[in-house]
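These notes are about the structure you will find just below.
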Amino acid sequence: MDMKPHTSAHATADDDVLVEQSNWMRWYLGAPGTVLGTVVGIVLVVVLKQVPVIYDMTEENSDFAEYFHGVGVLYFRALTCVTIPLAFINVAMCVSDMVASKMKRKLQLLLLTTFTTACALAQGLFWCYLFTGSFDSDGYMAPLANTSAVMAFQCPSLSGDASPATLRQDVATGALVCGSANDTNRTTEIFSFKDFPFSARSTGPRLLSFPSTIDEIKYMVNLVVPNNMASMLMENNVMGVVTVAIMFGIACGLTSRKDRDNRLEDILREFHAIFKTMLSYVIAVTPVAIIPLIAAPLLAHTHTVSADTPRLAAFLGTFLLAATGHCVIVLPLVLLVCTGTNPMRYMALMKEALVYGFSCSSSSKSVPVATRSMDGLAGNRNVARFAASIGTCINKSGGALYVCMALIWTFHNAGLGDQLTFVRLGVVSAVSLVASLAIPPVRTGGVAIVVSLFTFLSGVPITYSYSFLLVAECILDPLATVINLWGNVLVARIISFNSVSSSRS
């Protein structure tokens, strides 16, 4: 008797529904969702400006746009709040695994990773130097360089209804008189003095300024070595987080050597899974959050679609030039010199993994595909797998390139390009190299790092430029993932090849 199950048709239909829902969710969370949110934000501005009352409000009240921007800022705050702890756990786990491992070529792995990442940063700086004029926008934030208090005397008033007068000086005679500040004839000027033992404290954002280059370098060193772990986390000090995570990972790895049943590592892995789940919730609202983020600068008249679209396109083109040079010229040359392997054949072998990495925008998901492709090559398979696994955290040349160029573009697009001196560009490069370790291997993971670093480098909180950077990120993130993966498997191939060569000798 044929016992054919009656639920097969229903199961097939349910599977089709799940696949369709998965496809829609992939489109929503990917570039199409971000582009759709951008278009909705632009259309919203056009519709609002058709209402006379709202149009007059946007023209007369500059704070009107801040109401929209405040909603979008909540997204950046949530993104940063979850990303920083996840970065700490991710770096600590990676360092712990490296320290606990018995692999002998750890130093070579670190040196090759640092070298390839530095090459990517050098190319990013070179192309930004050539096309940085295409990033510039009009300045809309005024620096507060002078903090000296300027005091004036208020004259006594016999009438309670009269406006208080100030002590003024007659321009012609120099005599002191009491008069109103609204002196249209300008026969008097305010009598003020600056010899006051206090400094004025501004409640608004202000640009960081340093008396000398040494002071600026000392400021950055203090970020790398924080003196308070609680304030480090509360202020989203990415540099300090990476430093503490490395030390914590070393201690955890040394403990694992003595105790294989290290429960601390198990706790870290559980927290890692929890924070990744939390981050997925934040990422899910990206297409919605970008609507007020795009509308705010357009309503504030600091940005326009016609002016900033070419600037954004120039940024994307510059990043593509740097990425192409790094992936097609620099990295293959490194592979050829170190192993004698044909770079084109190796790239063809990794084609499936690179395409998968571009589609999922996640280094952690694409590394298993890449390691399967490397298993058939000559070399130590275990070393290659371990190097690729560790490289997911430490070998992020694409992430470092993205952070560096995004910081430069944000400075210029915010009208602060003159703040990028040669010394600060060097600081940006060093900071990008260290902060790339903190980028979680998920979509939009680099945005929170850029937001935190820009605040520490400039002293300015979330600017309107991030709104357009978020649009570019949906295109740059897959490219950065491919650069990370290509550099990672290339270094893993070199380590594997050299380990076999040394064992034979």
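Using N, Cα and C of the backbone, Cβ positions are placed for all residues, glycine too.
The feature transmembrane segment is assigned by TrEMBL to 27-47 (among others).
Look at TrEMBL and you will find 67-89 (among others) tagged as transmembrane segment. If one looks beyond the transmembrane segment (67-89) by at least 6 residues along the same chain, the residues whose Cβ comes under 8 Å of a Cβ in the stretch are 233, 236, 238, 241-242, 244-245, 248, 268, 271-272, 275-276, 278-279, 282-283, 285-286, 289-293, 295-297, 299-300, 437-440, 444-445, 447-449, 451-452, 462, 464, 466-467.
Within the chain, the transmembrane segment (109-132) has long-range Cβ neighbours (under 8 A, six or more residues past its boundaries) at 103, 314, 317-319, 321-322, 325-326, 330-331, 334, 387, 390-391, 394-398, 400-401, 404-405, 408-409, 412, 417, 425, 429, 432-433, 436, 483, 487, 490-491, 494-495. Here TrEMBL flags 109-132 (among others) as transmembrane segment.
Annotated transmembrane segment per TrEMBL: 238-257 (among others), in sequence order.
The transmembrane segment annotation in TrEMBL covers 278-300 (among others). Cβ atoms under 8 Å from those of the transmembrane segment (278-300) belong to residues 28-29, 33-34, 36-38, 40-42, 44-45, 48, 58, 62, 64-66, 68-69, 71-72, 74-75, 78-79, 82-83, 86, 140, 440, 442-445, 464, 466-468, 470-471 of the same chain, restricted to positions at least 6 beyond its ends.
According to TrEMBL, the feature transmembrane segment maps to 312-337 (among others). Residues 112, 115-116, 119-120, 123-124, 126-128, 130-131, 134-135, 343-344, 346-347, 397-398, 401-402, 405, 409, 468, 471-472, 475-476, 479-480, 482-483, 486-487, 490, 493-494 of the same chain lie 6 or more positions beyond the ends of the transmembrane segment (312-337) yet place their CB under 8 Å from a CB of it.
Annotation comment: TrEMBL describes 399-416 (among others) as transmembrane segment.
As annotated by TrEMBL, transmembrane segment applies to 422-439 (among others). Using a Cβ-Cβ cut-off under 8 Å and counting only residues 6 or more beyond its ends in the same chain, the transmembrane segment (422-439) has close neighbours at 83-84, 87-88, 90-91, 94, 114, 117-118, 121, 125, 213, 216-217, 220, 224, 238-239, 241-242, 245, 393-394, 396-397, 399-401, 403-404, 407-408, 445-446, 449, 453, 457.
As annotated by TrEMBL, transmembrane segment applies to 446-469 (among others). Remote same-chain partners of the transmembrane segment (446-469), defined as residues 6 or more beyond its termini with a Cβ less than 8 Å from a stretch Cβ, comprise 69, 72-73, 76, 79-80, 83-84, 87, 137, 140-141, 205-208, 223, 236-239, 290, 293-294, 296-297, 300, 302-303, 308, 311-312, 399, 402-403, 406-407, 409-411, 413-414, 416, 419, 424, 427-428, 431-432, 435, 438-439, 477, 480.
Annotated transmembrane segment per TrEMBL: 475-495 (among others), in sequence order.
Distant neighbours of the transmembrane segment (399-416): 117, 120-121, 123-125, 128, 132, 135-141, 207, 308, 311, 315, 318-319, 322-323, 326, 425, 428-429, 431-433, 435-436, 439, 446, 449-450, 453-454, 457-458, 460, 463-466, 468-469, 476-477, 480, 483-484; these residues of the same chain sit at least 6 beyond its ends, with a Cβ under 8 Å from one of its Cβ atoms.
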